[in-house]
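What TrEMBL lists as domain 'Dihydrodipicolinate reductase N-terminal' is 13-118. If you look up TrEMBL, you'll see 19, 20, 21, 22, 23, 24, 46, 87, 88, 89, 115, 116, 117, 118 marked as NAD(+) binding site. The annotation domain 'Dihydrodipicolinate reductase C-terminal' is assigned in TrEMBL to 121-256. The active site, proton donor/acceptor annotation in TrEMBL covers 145. Per TrEMBL, active site, proton donor is recorded for 149.
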Ligand SMILES: NC(=O)C1=CN([C@@H]2O[C@H](COP(=O)(O)OP(=O)(O)OC[C@H]3O[C@@H](n4cnc5c(N)ncnc54)[C@H](O)[C@@H]3O)[C@@H](O)[C@H]2O)C=CC1
Ligand SMILES: O=C(O)C1=N[C@H](C(=O)O)C[C@H](O)C1
């Protein structure tokens, strides 16, 4: 990084992208390139080495890689005082605690935003589902994705299930009643904090989720569909523009939309 690069606080935000040749990373590179207030200074994928981002003076890194590598990437950013916007999945409670620990020991002002879903509709779908949770005895989540997705259930479905379980617990409700004996293991989906989650993988899909609630005589379905990865870009760019004003760890896009 040159002195000239360091001395441009009012200039465009200098952005690095990790996972730049992936489906999401490539879209993020295009979106950053097209934004007047952002400058794409590093586009890094597997095998490139991360140091190019520091050498180019990245102030914010956007990570869309894999659950296997994202923790090392984040540690690398935090150690160098680079803020990060993370869409990569795989964040358990234990992982989030580790990130918080790194941030407590980092230079002040480093922000990390980890969002299971950057789609505005998806954020609202999770909020609506959380609001509905206490009114319905039954709840099931059906997530549907493209068949090249590496993980199941999706980060969004896992996060939604946890939010619903917390809302039910706060209302004094336990898991949804279910008398079914599985004749084939997995027939009833995964159990996340007492909420059943079903993962569909199909050609022709991008990212979709339904939350199905049921009570006596009625059901409520809350559904969100991302038909194109551009749907995630307004949320990602909002994160890039905001993350340095939010030192520490922010989980989810909700706080940035208020
Ligand atoms: N939060 C959100 O809104 C969204 C999150 N995702 C998540 O983002 C992640 C990526 O998804 P896709 O782009 O579909 O996957 P992808 O497989 O198309 O892209 C991942 C990229 O990361 C690269 N990579 C692997 N190791 C790396 C390393 N050490 N350094 C730099 N690059 C590395 C791969 O070579 C690949 O190009 C997944 O976890 C997915 O679930 C996807 C869409 C939206
Ligand atoms: O891999 C994807 O495509 C997506 N991953 C995220 C997830 O696991 O929730 C977000 C969105 O569903 C797309």
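From the backbone N, Cα and C atoms, a Cβ is placed for every residue, glycine too.
A Cβ distance below 6 Å to any atom of ligand 2 is met, among the recorded positions 19, 117, 149, by 117, 149. Ligand 1 lies under 6 Å from the Cβ of 19, 46, out of the recorded positions 19, 46, 145.
The number of other CB atoms found within 10 A of the CB of residue 117 (NAD(+) binding site), across every protein chain shown, is 27. Just so you know, of the recorded positions 19, 23, 88, 145, 149, the Cβ with the fewest other Cβ atoms around it within 10 Å is the one at 23.
Within the domain 'Dihydrodipicolinate reductase N-terminal' (13-118), the DSSP-based counts of helix, strand and coil residues read 39 helix, 25 strand, 42 coil. There are 26 other CB atoms within 10 A of the CB of residue 115 (NAD(+) binding site), with all protein chains counted.
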